[in-house]
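Read the structure below first, then the notes.
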Amino acid sequence: MKWLVGLLPLCSYAVAQVHKDPTLDHHWNLWKKTYSKQYKEENEEVARRLIWEKNLKFVMLHNLEHSMGMHSYDLGMNHLGDMTGEEVISLMGSLRVPSQWQRNVTYRSNSNQKLPDSVDWREKGCVTEVKYQGSCGACWAFSAVGALEAQLKLKTGKLVSLSAQNLVDCSTEKYGNKGCNGGFMTTAFQYIIDNNGIDSEASYPYKAMNGKCRYDSKKRAATCSKYTELPFGSEDALKEAVANKGPVSVAIDASHYSFFLYRSGVYYEPSCTQNVNHGVLVVGYGNLNGKDYWLVKNSWGLNFGDQGYIRMARNSGNHCGIASYPSYPEI
């Protein structure tokens, strides 16, 4: 795996310089069992254990502060608890905002429209199950297919998981995408338009690695006629699009420990920037305990966050860049 090379110096340092906390042995073993963690060498396990202990301390202190009303969300030691923030983004982020970005904003707002206070497209059967991208930076592909899956459901009444692997393998150099090394949602939509379709997940399953393009038009599950980009940084436009059109692909800054260890509540990270690095899907919005939020579907499996979802702060100055690059496809 990509992180192993960078981990080698850390392994040597960990064995030579740092000692594990023996009082955490039971909980370490329990956590490994819970998430089926296995390590090839003792040095690797020691290094992972030390990262895990550091993350555990971070989680415990954060949750203590949460109990005192200092945070609007709490954290948990999920399956990513033995990784650093840099590793998580290196493996699972890899968003590639196209260079010389030329925004083609075609969205027309209806500012006089009364929008619902809350929306959740899961309740309308327009959102497929949470996926797990593994150690492949295909977040952009999962965000793109998630948005198109909803449009397919709205048009045909059928909810079908579409193939992220189709995008990883086929939406490549011409579109500026690099498969597991990153891509972008609008260029994925453009590929589907040019290709006259995308296969289903069932016919073209996810492999979490780059492969040869195997698109089969006979197994085409959906098409895309165009896509729409929203105005940069406008949370009002994003809210309107989510309410009226369906789930929207967005890009966010997900590089913080607080993000990948999020468990519940409304995520607000003061150090979050608008330098986006991860593609996700906004499937709704609402208010929880007086905090406005975006309901976001991630692609890090069910063990991430709240069953694979995170509520991110809304109306907080384009927090984490969530309204910087929104787009949605149409069939």
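One-based numbering along the chain as shown.
Even glycines carry a Cβ here, placed using N, Cα and C.
Keep in mind that what you see is a predicted model, and the values were worked out from it rather than measured.
Straight from Swiss-Prot, the features:
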SIGNAL    1-16  signal peptide
CARBOHYD  Asn104  N-linked glycosylation site
DISULFID  Cys126-Cys224  disulfide bond
DISULFID  Cys136-Cys180  disulfide bond
ACT_SITE  Cys139  active site
DISULFID  Cys170-Cys213  disulfide bond
DISULFID  Cys272-Cys320  disulfide bond
ACT_SITE  His278  active site
ACT_SITE  Asn298  active site
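This view paints the features noted in Swiss-Prot onto the structure.
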residue: Cys126; record: disulfide bond; Cβ neighbours (10 Å): 19
residue: Cys139; record: active site; Cβ neighbours (10 Å): 29
residue: Cys170; record: disulfide bond; Cβ neighbours (10 Å): 24
residue: Cys180; record: disulfide bond; Cβ neighbours (10 Å): 22
residue: Cys213; record: disulfide bond; Cβ neighbours (10 Å): 13
residue: Cys224; record: disulfide bond; Cβ neighbours (10 Å): 24
residue: Cys272; record: disulfide bond; Cβ neighbours (10 Å): 22
residue: His278; record: active site; Cβ neighbours (10 Å): 27
residue: Asn298; record: active site; Cβ neighbours (10 Å): 28
residue: Cys320; record: disulfide bond; Cβ neighbours (10 Å): 30
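Annotation for Cys136 (disulfide bond): same-chain Cβ neighbours under 8 Å, separated by at least 6 residues, are Leu91, Met92, Val168, Gly179, Cys180, Ala208, Met209, Asn210.
Checking Cα-Cα distances from Cys139 (active site) against the recorded positions (Cys126, Cys213, Cys224, His278, Asn298, Cys320) with a 10 Å cut-off leaves His278, Asn298, in sequence order. Secondary structure at His278 (active site), taken from DSSP and collapsed to helix, strand or coil, is strand.
When secondary structure is read from DSSP and collapsed to three states, Cys139 (active site) falls in the helix class. Among the recorded positions listed (Cys126, Cys272, His278, Asn298, Cys320), His278 has its Cα nearest to the Cα of Cys170 (disulfide bond). Cα-Cα distance from Cys272 (disulfide bond) to Cys224 (disulfide bond): 33 Å (rounded to the nearest whole number). Distances between the Cα of Cys126 (disulfide bond) and those of the recorded positions Cys213, His278, Asn298, Cys320 are shortest for Asn298. Calculated from their C-alpha atoms, the gap between Asn298 (active site) and Cys213 (disulfide bond) amounts to 25 Å.
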